[in-house]
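Per TrEMBL, transmembrane segment is recorded for 21-40, 52-73, 155-174, 186-213, 234-254, 328-349. What TrEMBL records for 97-359 is domain 'TLC'.
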Amino acid sequence: MPKGTGRIVIDPFTNGLLTTLFGLEVVAVFAVLLALPGALPAGCPLTGPQAFAALAVTCLALFPLIGLVKLIAGHACALLSRTALAHLGDPVAKVKTRNKLRDQSWQLTIHSAMTALEAYILFVDGGGEHWLDDYRSLWTPHPHQQVNSKRSVHLLYLLQMAIWIVTCASHRFLEERHKDYVMMYVHHLVTIALFALSYGFNFVRIGTAVIFLHDSSDIVIDLLKMANYLKLEGRRGGFLVEGTFAATLGVWAYTRLYLYPVRIVWQGVWYGSREVVTAPGAYGMDGFTAAAGSPFTRGHSPGAKLGDGSFDLWANLRALPTHATLPGYWACGSLLTALLVMHVIWYMLLWRLLFRSVLGQTLHDGGADEYEGGSDDDHED
């Protein structure tokens with residue numbers, strides 16, 4: 001961002017590269033649905049062409065829905081700003097601030113709606129699932145043998161893929177830019193790739209758990225950003241910025257820095273998938289066992305039970321760096337780890353804001369400096 005201009009400038013080469021990658025991802029997703037009908041996981045109620053049409057229609061339908069949500073939110077927040085929040089100086093009088101608030105209102109809407117659907121899948125539909133607390137359930141039976149008959153799971157993937165394609169397009173072409181524009185762009189691209197890989201490999205169980213942790217924890221930060229735009233801090237603002245900031249620190253620490261890295265990235269993927277999928281007698285392992293002369297040459301101990309902590313991951317990696325029963329292991333694990341790195345960076349940003357507030361700067365001003373970028377060129381209606 002050039003000093004004093006208040007404008008966020010993105011390197012054209014980086015922006016062009018990311019946009020090209022985005023275009024390639026979208027083309028690949030739709031091409032696979034048409035050209036590889038067998039790419040859909042068992043239990044999907046749609047054929048490839050039907051899924052192609054459903055995804056295209058959903059993407060197109062989202063644009064007017066986004067516009068409607070933003071229109072309603074924009075008018076509602078402008079009215080609130082001029083009346084109930086007039087004592088705060090009409091906080092969304094500036095066009096850029098109001099646009100950012102409208103953008104965030106859509107994020108809050110979609111995160112709330114998707115969290116409800118994901119919670120229904122994990123805790124209600126068919127009696128609920130143990131995909132968040134028992135990594136063995138993610139890989140038993142093997143994904144090649146799993147038939148996910150819950151229509152809610154396939155609906156979730158359809159909606160999420162459409163949402164992220166549209167969100168990425170909106171991020172690139174429509175929304176106000178923030179200082180983390182490039183990292184958010186990378187985040188969107190990684191997310192689209194993960195959705196495509198997890199659905200294609202039938203890793204929908206761990207995929208659903210991942211989505212739930214992200215969407216549910218995004219609700220608090222959506223509320224934080226909206227409260228910040230409305231300047232609802234201090235006694236005059238009911239301490240809403242401070243309250244949602246504290247909630248964000250707590251929720252993100254638990255969901256994104258504990259549950260996600262421990263239950264998903266480590267237990268669910270890097271460690272747990274290999275322990276379960278390559279276990280003695282597991283699907284597709286007979287040939288390797290016969291060649292090795294024993295089922296206990298890849299990190300498992302005689303008499304051990306899955307989940308008892310005796311599995312030796314490093315021995316397994318040495319004996320079996322890749323295998324047909326572990327499709328996408330390195331790609332999915334690396335992408336999920338990349339998301340974790342982004343979580344850590346964003347969480348450090350939150351602590352930087354807290355440190356600046358301790359030194360006397362308000363959270364609103366700190367957020368403007370660290371995340372939003374300047375607004376010197378902003379103007380009122």
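Note: Cβ is positioned from N, Cα and C throughout, glycine not excepted.
Two recorded stretches are said to be in contact when at least 3 C-beta pairs lie under 8 angstroms, sequence spacing 6 or more; the transmembrane segment (328-349) and the transmembrane segment (186-213) meet this definition. Residues 29-30, 33-34, 46, 101-103, 105-106, 109, 158-159, 161-163, 165-166, 170 of the same chain sit 6 or more residues outside the transmembrane segment (52-73) yet have a Cβ under 8 Å from a Cβ within it. Panel annotation: around the transmembrane segment (186-213), residues 18, 21-22, 25-26, 28-29, 32, 39-42, 114-115, 118-119, 121-122, 129, 131-132, 137-138, 143-144, 146, 148, 153-154, 156-157, 160-161, 164-165, 167-168, 171, 255-256, 259-260, 263-264, 268-269, 327-328, 331-332, 335-336, 338-339, 342 of the same chain, lying at least six beyond its termini, place a Cβ under 8 Å from a Cβ of the stretch.
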